[in-house]
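Peer 1: Straight from Swiss-Prot, here's the annotation block:
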- Asn28: N-linked glycosylation site (CARBOHYD)
- 49-69: transmembrane segment (TRANSMEM)
- 107-127: transmembrane segment (TRANSMEM)
- 131-151: transmembrane segment (TRANSMEM)
- 166-186: transmembrane segment (TRANSMEM)
- 206-226: transmembrane segment (TRANSMEM)
- 261-281: transmembrane segment (TRANSMEM)
Amino acid sequence: MLIPSPDPFASCPGYYLPDFEPFKACTNISNFCNHARDVYNIEMLLRWAIFIIPCCMSFFALFLNIYIFYVLIPNLRKMNGRSKKKYIFILSRAVSASMSILAIFLLPVIIFLTHFNFWVIALFIIFEMLSFLSFIGGMVGTTLTIYIAVVHPMYYQRELSLRKCVLLILLLWVSAITVAISCGIVEAAFIGRNSPFSCDYGNCAGPVLIFGIVCIATAFSICLVIQLYVIISLWKLGIQSTKRGDYSSTSKALTGVKRKLFAGFFVFATMAIFEIASAIILVRSVSEQTQDLDACDKLSASTSRLQFVISCVVLTLLW
């Protein structure tokens, strides 16, 4: 008579999941409960930090964006050409923010409702990168418009027409689409068997993610350099106005503009630091992963996989 082997997860209350059934026969595991806790934490992080919390935040942000469109679009039609030149960039940024929200909704849909394959992942990355790059472009356009309006007011009034602003926005969007498509195709190179590239996970994951970090860091750097240049230029202009004894309302307005730009620069720089740092941690975690492990090897590597998921969570919440 065969004696059934004891359940190694029986002494792990609160951590047991139905997914543990394939791991009961593993012989290379010494402490099942520790690994069960890691797998349970991974499941909870995926459920709450990548699905429920981002979706709740996105619903709130989506309502705010709908309100912005509801208020901005009718008023934009009533504005004169000078005001439209400023708010057309704000409208572009609102579109980018809405795309970012939709990208957050797409992530759990891809994870839970579809099979991972090259075209699905590439489409998601393209959409996400397009929202990010178009947002960066909107920030750059708004900052440059403020710079021209303050430093070169005559050119802003006479030469910088609404048509030129629209053409600039179209140029930024076309550039964002081009870069996003390139990033989407490259970053999804090792996903699925139907990928047009013969590149396996172990060889491609690290270089592809490094390529993504370079693209993101370059976009952040361009925007931050332009913001810093405008802040320094306005600061010098303010010093010159003070030396001339100019204490008019225009000078006070310049001080307010500088404060807003500096606050935006600080927030954007903080976001860039955390985004790039989290991406670097993600690359280090990916370098330790492999898709060729069997179920028991995957369970034994649960700690490193938990760190990998935490990196993904940080990136998701930051975005």
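Cβ atoms are placed via backbone N, Cα and C, with glycine included.
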Peer 1: Within its own chain, what residues at least 6 apart in sequence put their Cβ under 8 Å from the Cβ of Asn28 (N-linked glycosylation site), listed in sequence order?
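Peer 2: Spatial neighbours, sequence-distant, of Asn28 (N-linked glycosylation site): Cys296, Asp297, Ser300.
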Peer 1: According to DSSP, which kind of secondary structure is the residue listed as 'N-linked glycosylation site' found in, if we only use helix, strand and coil?
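Peer 2: It is coil.
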